[in-house]
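Asks: Sending over a structure as structure tokens; questions will come in a sec.
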């Protein structure tokens with residue numbers, strides 16, 4: 001079984017000079033899910049991992065360089081996630097490769113990523129536009145003392161069963177760390193839900209308690225979804241984290257209660 005420590009993360013690697021789908025490094029989702037009591041065969045959520053790729057280039061049949069940007073969507077039901085540095089190296093391996101057309105390139109990327117993830121992956125050229133302010137109500141202006149930065153503390157979460165609301169809460173203060181390199185991962189996270197009103201101060205303390213936590217982006221979002229669901233008992237819940245760019249890629253994991261329609265990729269955060 002592949003582990004993060006087996007990947008190219010934290011290692012000096014030479015950039016590929018020719019196309020090589022073998023650079024893609026899959027990591028099973030099951031291990032991290034088991035740690036928080038999730039079973040791949042009975043997931044409590046639907047969702048996807050949406051990537052924005054900013055550094056995509058190849059050669060046309062005459063050798064002229066071409067450039068593009070792309071949006072990639074990996075279903076959360078795939079047995080494997082795609083490690084980000086390997087994804088970057090894979091895209092770099094296309095830089096000196098002659099390809100008949102943009103559509104031929106897209107089809108090749110779809111096939112390679114689907115094989116890596118173990119499920120059909122969607123790839124489209126183009127990116128959503130920027131939005132200066134996130135959709136929802138920010139909780140970052142709350143005045144409170146915080147002294148816990150990890151590990152994540154679900155005990156901070158609570159909700160008022162006597163007041164049922166439907167709202168979207170947003171924080172730009174989510175930070176976690178790569179489990180291999182220790183590099184910081186920054187994100188704006190939004191929680192849209194209907195149910196007992198979530199205590200905002202407790203939610204902010206909970207999100208800040210990820211600050212020294214080491215876990216991949218996708219795993220953090222699944223942990224947030226699971227712990228908010230368990231502690232606050234919403235009727236339904238959506239959690240999305242929009243991470244800042246690294247190596248020409250940003251990732252946006254989204255998890256939601258079954259039956260919730262996937263959001264359209266209509267915008268990117270200003271920090272992306």
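All residue numbers here begin at 1 and follow the chain in the order shown.
Just so you know, glycine gets a Cβ as well, placed from its N, Cα and C.
Summarising the annotation, Swiss-Prot assigns active site, thioimide intermediate to 178 and lists sequence analysis as the type of evidence. The feature active site, proton donor is assigned by Swiss-Prot to 185, with sequence analysis given as support. The feature substrate binding site is assigned by Swiss-Prot to 82, 83, 84, 217, 218, with sequence analysis given as support. For 84, 85, 246, 247, the entry in Swiss-Prot reads NADPH binding site.
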Asks: So, in DSSP terms, is residue 185 (active site, proton donor) helix, strand, or coil?
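Replies: DSSP call for residue 185 (active site, proton donor): strand.
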Asks: List which of the recorded positions 82, 83, 178, 185, 217, 218 have their Cα within 10 Å of the Cα of residue 247 (NADPH binding site), in sequence order.
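Replies: Candidates kept after distance check: none.
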Asks: Let me know how many other Cβ atoms fall within 10 Å of the Cβ of residue 218 (substrate binding site).
Replies: 24
Asks: Which site among 82, 178 has the most other CB atoms no more than 10 Å from its CB, taking these as recorded positions?
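Replies: Going through 82, 178 one by one, the largest Cβ count within 10 Å is at 82.
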Asks: When the Cα-Cα distance from residue 185 (active site, proton donor) is computed for each of the binding-site residues 82, 218, 246, which gives the smallest value?
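Replies: Closest by Cα distance to residue 185 (active site, proton donor) among the binding-site residues 82, 218, 246: 246.
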Asks: If one looks at the chain holding residue 217 (substrate binding site), which residues at least 6 apart in sequence have a CB under 8 angstroms from its CB?
Replies: 49, 176, 185, 187, 241, 243, 251, 253
Asks: Other residues with Cβ within 8 Å of the Cβ centroid of 84, 85, 246, 247 at the NADPH site?
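Replies: For the NADPH site, the extra neighbours are 87, 88, 248, 249.
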Asks: Just jot down the residues in the same chain as residue 246 (NADPH binding site), at least 6 apart in sequence, with C-beta under 8 A of its C-beta; none if empty.
Replies: 84, 183, 185
Asks: How many other Cβ atoms are found within 10 Å of the Cβ atom of residue 85 (NADPH binding site), counting all protein chains shown?
Replies: 21
Asks: Between residue 218 (substrate binding site) and residue 178 (active site, thioimide intermediate), what C-alpha distance do you get in Å?
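Replies: Distance (Cα to Cα, whole Å): 11 Å.
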